[in-house]
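Student: Sharing a structure, written as structure tokens. Questions coming.
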Amino acid sequence: METLWTLLYLLEPAPATLIVTAVTVTFASAFRALNYGKEMERNRDFSEASITLDSSQALMIPVMSSCSLLLMFYLFSSVSQLLTAFTAIASVSSLFYWLSPYAVYMKTQLGLSDPFLSRCCSKSFTRIQGLLLVACAMTVVAWLISGHWVLNNLLGISICIAFVSHVRLPNIKICAMLLVCLFVYDIFWVFFSERFFGANVMVAVATQQASNPVHTVANSLNLPGLQLITKKLELPVKIVFPRNLLGGVVPGVSASDFMMLGLGDMAIPAMLLALVLCFDHRKTRDVVNIFDLKSSKGHKYIWYALPGYAIGLVAALAAGVLTHSPQPALLYLVPSTLGPVIFMSWRRKDLAELWEGPALSNPIEKSHEIEI
């Protein structure tokens with residue numbers, strides 16, 4: 001009975017909001033990836049084509065991630081300002097990518113004229129795109145000044161969506177290879193890294209705050225309003241919510257005051273969801289409309305992967321609440337997402353096609369290896 005009462009904490013605003021946000025972002029990332037791939041295919045524009053991982057690249061991701069973890073564990077204070085600057089640039093680009101379709105939709109709905117403004121880096125920019133780019137840059141500047149958790153989450157979500165659109169999995173075989181390797185990676189760095197490095201490397205890196213280069217520059221130039229600029233920043237590599245979401249918790253006081261979920265725990269499952277969403281669309285050839293996904297949902301693998309993600313996420317949070325210790329989310333998310341997809345595709349005799357991926361008959365597509 002005591003355990004049940006403990007688990008009721010998951011119904012509190014912070015964990016409930018985290019769960020809803022993560023599930024929504026994961027699905028939105030997969031759906032955006034599908035539309036992006038179709039847009040590139042329709043326009044025959046492969047200059048911004050996504051990267052399709054092969055087996056060697058999939059195996060290298062956990063290795064490179066481990067090296068990055070150790071680098072940030074030992075040298076974070078030395079490279080934090082550089083990381084912040086790089087993250088700020090990536091955030092502007094990701095935010096622009098995420099919001100561009102909405103800007104186009106609003107322009108169409110309002111019947112606005114949108115003349116070309118200029119050309120930059122072989123790309124034509126319209127007036128609305130220019131305004132959107134300025135708005136994205138101002139959002140990142142606001143984050144650099146305030147460090148507010150809402151802006152941190154906004155930038156993190158945009159990075160997740162952009163990553164899933166531009167880094168693709170060609171088939172379930174490569175997907176399973178990647179997920180299993182990251183499954184082991186997550187378990188090792190959360191549960192066993194303390195035995196080798198004297199501290200929980202994953203937790204230490206996840207809770208570190210970066211030095212703010214804007215504060216450093218303002219301080220060196222003795223600019224007015226220095227007290228308004230936050231000295232430390234949470235990098236948008238995770239989404240965070242105050243544990244007392246409705247209680248007026250001051251952002252950035254302590255990492256322990258926040259619930260957090262790494263972007264990888266959304267982006268990696270979203271890559272699987274993007275793969276099965278593309279497979280569903282290829283099999284049914286439905287119109288790419290988010291509301292049309294409800295039709296014939298019993299024939300779509302996305303409706304096994306997405307609930308599986310939600311169940312795995314709830315299980316991870318429940319384990320954390322019961323054990324009062326950090327949990328490797330992929331320990332729960334990998335079986336709960338990959339398992340149902342493989343089992344149902346085996347039952348429906350689609351596993352062979354999913355396992356190897358679609359045959360590319362178009363030579364242009366083959367040369368560019370465009371997969372959604």
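Cβ atoms are placed via backbone N, Cα and C, with glycine included.
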Student: Please state if Thr6 and Ala33 fall on one side of the membrane according to Swiss-Prot.
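Tutor: Domain labels do not match for Thr6 and Ala33 in Swiss-Prot.
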Student: Quick one: Cα separation, Asp265 (active site) versus Asp186 (active site), in Å?
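Tutor: With distance taken Cα to Cα, Asp186 (active site) is 10 Å from Asp265 (active site).
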Student: Count the CB pairs under 8 A between the transmembrane segment (172-192) and each of 7-27, 124-146, 258-278, then give me the winner.
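Tutor: Looking only at 7-27, 124-146, 258-278, the most contacts with the transmembrane segment (172-192) come from 258-278.
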Student: Do the transmembrane segment (82-104) and the transmembrane segment (7-27) share at least 3 Cβ pairs under 8 Å, sequence separation 6 or more?
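Tutor: Judged by the Cβ rule, the two regions do not touch, with the required three close pairs absent.
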Student: Any residues 6+ beyond the ends of the transmembrane segment (258-278) with a Cβ under 8 Å from its own?
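Tutor: Distal contacts: 14-15, 18, 22, 25-27, 29-31, 33-34, 37, 65, 149, 156, 159-160, 163-165, 167-169, 171-172, 175, 178-179, 182, 206, 236-243, 301-302, 305-306, 309, 312-313, 316, 329-330, 333, 337-338, 341, 354, 371-372.
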Student: For the transmembrane segment (302-322) against the transmembrane segment (55-77), do we get 3 or more Cβ-Cβ pairs below 8 Å once near-sequence pairs (under 6 apart) are dropped?
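Tutor: No; fewer than 3 Cβ pairs under 8 Å.
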